[in-house]
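The block underneath contains the structure these notes are about, expressed in structure tokens.
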């Protein structure tokens, strides 16, 4: 049969000639590039959270909208909701206190201090995979309970802020005094695709604590927030869980005292749910039927809700007053002897064997039960170091209250970055070391002062490469995940940053810039470091025949050493910085993948990444002064030579050794070696997407465009942490 005959037959039958059923032919379905090439470079990660996915538009100002919010009325509505039990998801003891605390905890608890990703700062609990994690069973109901409130206040309160505020109000409603609340978390409108949740393909795959400590993961099993409450790999052993607890809470930047306070405080209120076997529980929200409207885990056990609810499979109530704050967690932990038992769902837990039935039933006031604990709760009694802290909290409830208030505040605000981002009437005045505090501004340089400082920098004798390198070293520590790092504070001049291997050459310019700061006394060192980069880029552009003024916004301040947590700042030390052709001797990923990772942390787009790398190479900004990727004989001139020479087919590239990290580029005709390069250089010729961008800048008409694009991207990086002026 000919094609025309097939088409005519299809038309006569009323069918689309090309859609005959069978395989899914909708957009995005079918075999894709990553099915064929699983290791394909994820350049698309740099296109996340653009204005194309934001229904509010680029002009939306959340801080401005929040200022219109009746904050006390909002808190009043949340408080009323706590005891407004709904038949479709009845509240335990008539209160949603425990549910909302868990929702806030599990939103914030995905944060990892190693890479700054995760956390509650963008409302990611609405999206996969977090909305469908095994550890988040039933939190879809918590979020749905909040919808009428979100609907009422609209864009004056983000989902991200509302989740955490609901947890705070729940604690306050239980009689607990919180440390405070800072709003300012802005929603995004799609899942974060850059977060590495792990390599496991099956939920609840166990991870060894030692390997966990080497990776930026915040849970011991895929799909958990922290640790398996039944012990490592459901071992039922409290003491063996200590290492896993320390590893996971440590990856969030929590010490032992904060860890004990958080576990005990979180388990002072509410309960776990394990009325029957997990076989009764249906699929998660992402896999549920369309008519389920985003709700998942429907249970076939009894009514499926209330007394019949199944969440974790554990059936534990810790306190005699599960909706009111108390010290019963520690009192029960140490007062009774505990025997291992199983929940109705078959999960391992512990029961107080010598205790009377003093725990109220959540739905039948005539019933009582014995106190119960999770395996990991008992770790706080049997691990020697945790036990010391727990006994202190047992004997000093006020110390426990203070420790939990501060630890909860840290947990729920850790990924928000500097205090300048916080808004609202309940922001505490106290500066905390984990917020990377900054002093008040001392200088307010005028335009004349700035011009004078630029002249001083020009006269200093520092080269373009030195000027650019010191500014980049200062600003490029910024992480878009938790908003830490950046040039504000001039922490490049402090420990530990001044001692990092990647900064060894860059910091050589600091004594000269510090002398300028002291003698002129017109601006902070932080401003002068960034201004040095401005001077370097302007000189390089001028040498290329393009006269351009690089934007500069003063107002940065200089942090003190006592405002700098060395251990936490060491987490900002890059494993790799492809912009400076730096890679530590750590086998974690390919160099080009680490380049994408760094660019994503700097919130750069793929074109911005391309322009910056090409510019940094011709400006001679390699961390060690090497010639790798410096495809020019005009170092210090902001030309497109990197792209022109990289894409020249007259050059043939070969690896110099078996590591495939360093390459030599030889003239195809003569065999003479012309250049050396790393994977962070050659990827702009090998990856199809990056090559397409490189071709734009290699074109003969691109010289001025390249300078303008480089300046725009450079200025963006220099100002990433300027929340004081945003």
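We number each residue from 1, going along the chain as drawn.
Just so it is clear, glycine is given a Cβ too, placed from its N, Cα and C backbone atoms.
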Matching range for Swiss-Prot feature annotation, region 'Disordered', among 1-34, 35-68: 1-34
Distance [Cα-Cα, Å, rounded] between residue 102 (site 'Transition state stabilizer') and residue 267 (heme b binding site): 10
Neighbourhood of residue 106 (active site, proton acceptor) by C-beta distance under 8 A, where only residues 6 or more apart in the same chain count: 125, 135, 136, 139, 225
Surrounding CB atoms that lie within 10 Å of the CB of residue 102 (site 'Transition state stabilizer'), all protein chains: 25
